[in-house]
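Notes follow once the structure below has been shown.
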Amino acid sequence: MWFKKIKNPAFCRYTAIFFLLSCAIFGPYFVGANTLIWNADGITQHFPALLQWQTDLKGILFQHQWPAQWNWNISLGQDYLQTFSYYVMGDLFTYPIAFFSAKMVPFYYSCMIIVRLWLAGIAFIYAAPRILQKRVTPNALALSATLYVFSGYVAFAAFEHPFFINPLIIWPLLLLSLLHLIRNKTWIPFTLMVAWTLWNNFYFAWSLGIATGLVWIFLLIQKRSVRAQFVHVIGAGGLGFLISSPLFIPSALATMKAARAGDTLANGLIVYPISYYLTLPGKIIGNDLTPSFWLTGGLTFISVVAIVHSFRHFQTFKYYNYIWLGSIICLLIPAIAACFNGGTSPSNRWVFLLSLPIALICLEYLSHINQQAIERPDLHWATGVGVLSAISLLAGDNFNLNTKFGFLIAAYFAGILGLSFLHLPLNRRKKIWIGGLVLFNLFVLMARNHTNDSNPKEATTMTQTAVQNLMSQQKEIKGALLPHERVYLDNQLGNATGISPASNIPLIAGINNVESYWSLQNRSLGQFMKGFQIPTASGNDVTGDLDQRNVLLNTLGVSSIFTSKISKLPPTYQNNLTSLNQLKRGQSLLAYPQFYIPKHQINQKAYKQFSATQKEAAIADSVVVPRGGQQHSPFEQAVQTALISDQGSTKWQKKVHQTYKSMPSTLPNGIMLKANPKLAGTEIHLEITNLTYQPASWQQRLSTEVNQYQFNYRQELANPNSPKDLQYNPANFKYNWFMQNLTNLSHKINGYTLKTTYQGQDKTVYQPGQNNLSFYQKRRELTLNLGAAKDIQHDQFIPITFSQIGQYKYQLKIKAIPIDDRFAKVAKTAQTSAPKYVNYGKDTIDFNYHCDQPQVLATTIPWSTGWTSANQKLIKINNGLLGIQLQAGTNHIHLEYHTPGLKLGLLLGLLGLGLVVLILIYHVYRYLKQRKLENV
């Protein structure tokens, strides 16, 4: 039986087609000694997570040791499951990595992308005929499976996020198991598929759950017989939930307590920008390298013809048409996309769900034309759709005749033209002709955005050599560090840097890098860091680079900084300078211990009123407590507010209100910093508050750009040393601007860049816009570290510029925080109060501490309800860190960590397995009893 299934014609033909197409798409990467590891999230998230998981899986399988529930090497420390459940723990296709060496992980990473894709097609081949309950031809099934696998969604996800392919394997099997339960009352497949769905990834479980629920509700409404299976569906689904609980429950709890949780629905968008709607038709046949709002379009000509055919025979294919119409509505409203995305940003990742109905209608259409003639109206309408889509694509590319979509458009219309020449009967030659046209269209769709990867200077994937070197480099850095040493490593990717911070790479060797970039971050740590207004911080990267602030880096226990340039080292880290793997290492003698007794206590209400710089100073010599405490601390009061003024003004003040509107000017925007010798030994912070931005309208942008062009020309004319610009042409400039901004008719929402300069050092901050799905945050306050105070004997101009045209309103202050002996004295006091010996066990910490009076022992450990102590009361300090209440005398401190929800999940998992066993025993008993009665 098994051998016969392997010889299934559809299976064999699909595998052959898949092999050919995969060689064409992925072959050049292997030939060119490349990997499929993206230089953004691939190398910074997915690859480090896979390497960590490999180490831990080997420990589980071969040493019978479970990984610690608290990982000290993630930022300031974080729950292991909260971090890795999203990436690898539920992904069954990562489990074989335990049997490979670390050097083989890059190869395994790349190969498993292809294996996942192949399995997605196999899942479709198995499920599709059973979902439709129709006989289909092997050729039609094999080609439809190929269409299911290679789509615009996969063209993006396969290269960027490999585990995003998993839902394509699960989705057809999950739907089939539901239908199988309703039709045959067989509950085991549905229970197993629900368990796999929830176990695999809680994020995609949400989308798949919504889709499966909608199908079930629709069937309940449409068919009376389905209602009789209500209890069976709930029961089988509930069993699946119980089985998956050991991973799903703690993952779900971690998600709800993550830094990103509670974000504004749909980033505050009521509707998408006009450019989105204008380019939406283009998504039918086209796909972008970076899809807007994660809308990965891209259908082949055969898919469009099949969908047109379903619309033209509305009643025959009414269920498909309900899906198409409902999907169009969903694509128009940001809030719906946000709901599919867990109530956060308006990401249209849910479109992967459409891959199944699109492939199914293609299967039905291919089976149809195998017996009946191709209907000319289908081709006419598909041609019209293609023309509309092509116009939209060209508009999005500013009607550039050298458009990047040219080959894709040509492939689409070549397919339509090829179909128009086919007539019945469809012999072997004609079927090969159809298949060839489809495969050509799929190849163009998949490979078009990755043609530059064969160019080493432009590739977005990592080479095998680069990955191996990075792995070796981390081990060398690890060898130069002390146990539990906390460090900051600047970007190690150099010119291979993508859009993501490379802060997780040190995890490969077990290095505690203070910065981490994961989708789920500890909310308490996020609240703690939010008070310092770090410009590079976000919900995915709550610490950012700590703005390279001397006091904050030391207070959080960062003892070493590795960077590419010595100039990037803060003053307190310019000690014991050494080089390692082309990185400069600076060490600080003032780094705080992980446990210490602050000299002062500050009331939390008073702390919340401090500015970002004052908060930074306050935690240096104090602990912020929920009740009691003082209103200020000595070091916080040492922070100075410098006198500043508007450009050209002599009115010195502590705060300046500015309104900046984009316009041509010879005078740069900014403020003057008054000379003040008292600023010696301080670090200068530019505090921006009440920041608002009103984007310019389309007409305002045009007017400003034209005025700037004319202004620049007049400035050149006024300069006798500048040659006359003979190409000056305002009319042509205006026309070109118009063509470049055809689709940007509304206010721009793509954020802006703020830039300032102090003593020759530029400081650039990116304020993400509402179209940024990962890093958007509505920030009205920013604090920028301008560096150590210099040239304090003279007034200094600090420019402030903005990248986007519009109107900006804000308030400015300059704060100066001591980083000289005044801070050194505070830091050494904290160092002397540290416990003499701390024993770090697996999820435990033990040490003794003697104090003469009740004290609060401060830590640099993020607060979590998973921390417990049998002897001491644990409190949240500093608005997000763990504090320990000590009694007078000797305190025997024993801390333990347990992942919140894990114990409950394990109990429910055992309950689920127990119920399954009991139900199976009951069914076996009934079966044997029935057989006995039949024999009698």
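Quick reminder: no glycine exception, Cβ is built from N, Cα and C everywhere.
Annotated transmembrane segment per TrEMBL: 12-31, 107-128, 164-182, 203-222, 228-249, 261-280, 292-311, 323-344, 350-367, 379-399, 431-447, 904-925 (among others), in sequence order.
Counting Cβ pairs under 8 Å to the transmembrane segment (350-367), the stretch among 107-128, 203-222, 292-311, 323-344 with the most such contacts is 292-311. Stretch with the largest number of CB pairs closer than 8 A to the transmembrane segment (12-31), among 203-222, 292-311, 431-447, 904-925: 431-447. Using the rule of three or more Cβ pairs under 8 Å, pairs at least 6 apart in sequence, the transmembrane segment (164-182) is not in contact with the transmembrane segment (261-280).
Packing against the transmembrane segment (228-249) from elsewhere in the chain are residues 81, 85, 89-90, 178, 181-182, 185, 187-188, 190-199, 202, 205, 216, 220, 901-902, 904-906, 908-909, 911-913, 915-916: each is 6 or more residues past its ends and has a CB under 8 Å from a CB in it. For the transmembrane segment (292-311), same-chain residues at least 6 beyond its ends with a Cβ under 8 Å from one of its own Cβ atoms are 147, 151-153, 155-157, 272, 275-276, 279-280, 282-286, 317, 320-321, 324, 331, 334, 337, 346-349, 351, 358, 361-362, 364-366, 368, 375, 378-379, 381-382, 385-386, 411-413, 415-416, 419, 434, 437-438, 441-442, 445, 771, 773. Most Cβ pairs under 8 Å with the transmembrane segment (323-344) belong to 203-222, among the candidate stretches 107-128, 203-222, 379-399, 431-447. Outside the transmembrane segment (431-447) by six or more residues, the chain places 17, 20-21, 24-25, 139, 143, 146-147, 150-152, 154-155, 287, 298, 300-302, 366, 407-408, 411-412, 414-415, 418-419, 422 with a CB less than 8 A from a CB of the stretch. Within the chain carrying the transmembrane segment (203-222), a Cβ under 8 angstroms from the stretch's Cβ atoms is held by residues 86, 164, 166-167, 170-171, 174-175, 178, 182, 197, 230, 233, 248, 255, 322, 339-340, 342, 349-350, 352-353, all 6 or more beyond its ends.
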